[in-house]
Amino acid sequence: MTTLTAPTPRVRLARFRDLTLVPVILLLLVVGAFLDPTFLTTGNLTNVLQQQAAISLVVLAEAMILISGKFDLSLESTVGMAPAIAVMLVVPASAGGFGLGLPGMLVIPLCLLVGAAIGAFNGFLIIKFQLSAFIVTLAMLIIVHGLQLGPTEGKTLFQLPDSILYLGSAIWLGLPASIWIAAVLFAAGIAGLAYFRVGRSLYAIGGNADAARAAGIRVDRVLWGVFILGGMLAALAGILETGRLGAIGSNQGVGWIFMVFAAAVIGGVSMDGGKGTILGALTGVLVIGLVQNLLTLKGVSGFWQPVVYGAIILVALMISRIAGGKAQD
Amino acid sequence: MKLGPAVAGAALLAVVAACGSSTPTASDGSGGGKVGIDHPRADSDFWNSYMKYVPQIAGELKVDLMPATNSQNDVTKLVNNVQALTGQGAKAIVMAPQDTGAIASTLQTLENRKIPVVSVDTRPDKGKVYMVVRADNRAYGTKACEFLGEKLGGKGKVVELMGALSSVNGRDRAEAFRECMKTKFPGITVFEEPTEWEGSKAASMLQTRLEQNPDVKGIYMHAGGVHLAPTLQVLKQKGLLVPPDDPKHVVVVSNDGIPQEFEAIRKGEIDATVSQPADLYARYALFYAKAAVEGKTFKPGPTDHDSTIIQLPNGLEDQLPAPLVTKDNVDDKNLWGNQVK
């Protein structure tokens, strides 16, 4: 099940480093099967994948940004704001929109455009203006969320065009469409970062930007592209989440960034840049999804869930440290 | 942990403080003094409706209202806002402290300065209040339990999508629901899902629970604003969104009373909701604030607006009615959910 959303890479010893969480996933599957008979059913595991599809795209975006040595906290706000603004541009004023009367089929392109614009603006401030990525995107996290709260006046958008609901709720070939979308994008990410020049250059830039520049890589252009792509992936995550939930609440995406970083880091992506793989980040998302699912199935008390949950992330981190053999940074 | 929101709040506070120092809205000079009001949050449908009613009703009741502050669900900001409001000459304060314990010392300070406080929706644990204006949240849980219990004939499985356990209202609803189920309908199994008022968590938890227990027959949602759409979406995906007369129908009871819930009741997608009276909250908060400024006093007992004032150790509480809305009375014009556009 764990390889469902990613093609198995060719077996090479160096590659095993990305798979240090695989034992953790296997352990979770075995323990889960004993704890609850529902856990290891196709239906339940499909649900887990569907529930994690949206956040996994943000993890994919964050992993690429981290690998290239930068940081983006604002992705979580884009998850809520991009679809909200796109929907408001399309729906009539009576449904909480701006009343511009744009056709409903434009909502997805508009949403991706908003995401790209946020990414481009982040990129401008960080690359051209040379500001600290951490603080810039922290400020953007606040601003972007505010840009959702302001126009919507904090209200939930209930009346949505069908086109934005489709991707998050459709079933393709027996599996939710969101799983297919995440699978394809992860496959592209894994292949892109492993075998293509642009993808490889992210590692070079994350490892040493000056050396990369000296080697002839267009560092600024690549980084800017990564931020724009990140914003678009976050917007797409917002579309999938909107389809799954059937409405855009004012706190959609809020608080995700902690889970995103947890998933990326336990999956072996370094916060300092230059290290980690997309496949590793994917295993990180799966671990988090399986743990959440188990906690719900077992009905762990709401007062104690955060403790259990945090502890399991720590344990996963330790296991990946031991299995990976190398010191984490 | 939540660095982002905290910084956001701080930035917003700076803006609010800056706005607050400008001249207050035009007053017609009636009443005995200015009333300061702090709103608890800006991200919930219920409170947004309440915030819309406030200026409107202030006009009707001729309350000299200062520009409202917003504490963004953070008690430290509430404390700062209250200081700012009193600094600007508020003679009474309307607030809705979401943390009912941590507000005690602020209430003490206000009491020393002889500034009466009206608390909306929550009942402070300690410190003097002039009047608490709230619907009985325990009654929400009990009403939901009785409705579900009767509909299910006292047996079967029920999923309860709970609010944040750190909020007194979420806790009250959960506790009352639990007690009522235990004593009146012991044959019903309740699955409690801690959703933290998050739609995303609610959808995942409900989906997982339905996978594990396909025979779940009832759902109790603590807040229609966040739980309604995800619940309907999950039921739809499972093919369980069917009319009430279909044997596969899952009985859904909600809390809040927003227009979308009424729409879902009319369509037969959900069965009932408890309407939390946003309009009455705003009306009586301002009514009592004005009365306080004018020096009026109240006694425990029934009121002229179908509610009862009860005595608390630290003040009085006007328990406003919160009607159960079903298909039978969903078109009632008096429900606030039918009045908002």
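Placed from the backbone N, Cα and C atoms, the Cβ positions cover glycine too.
The transmembrane segment annotation in TrEMBL covers A:21-42, A:48-67, A:79-100, A:106-124, A:131-150, A:170-196, A:222-240, A:252-271, A:278-297, A:303-323.
Below 8 angstroms of C-beta separation, residues 54, 58, 106-108, 110-115, 118, 144-145, 147-148, 151-152, 155, 157-161, 164, 231, 234-235, 237-239, 241-242, 248-254, 256 of the same chain, each at least six residues beyond the ends of the transmembrane segment (A:79-100), sit close to that stretch. The stretch from A:106-124, A:170-196, A:252-271, A:278-297, A:303-323 with the most CB pairs below 8 A to the transmembrane segment (A:21-42) is A:278-297. Tertiary neighbourhood of the transmembrane segment (A:170-196): same-chain residues 4-7, 9, 46, 49-50, 52-54, 56-57, 60, 63-64, 67, 202-203, 233, 236, 240, 243-244, 277-279, 282, selected by CB-CB distance under 8 Å and a gap of 6+ residues from either end.
Below 8 angstroms of C-beta separation, residues 70-74, 76-78, 80-81, 84-85, 118, 121-122, 125, 250, 254, 257 of the same chain, each at least six residues beyond the ends of the transmembrane segment (A:131-150), sit close to that stretch. Packing against the transmembrane segment (A:222-240) from elsewhere in the chain are residues 53-55, 57-58, 60-62, 64-65, 68, 70, 72, 75-76, 78-83, 108, 111-112, 114-120, 122-124, 126-127, 164, 167-168, 178, 181-182, 185, 198, 201-202, 205, 252-253: each is 6 or more residues past its ends and has a CB under 8 Å from a CB in it.
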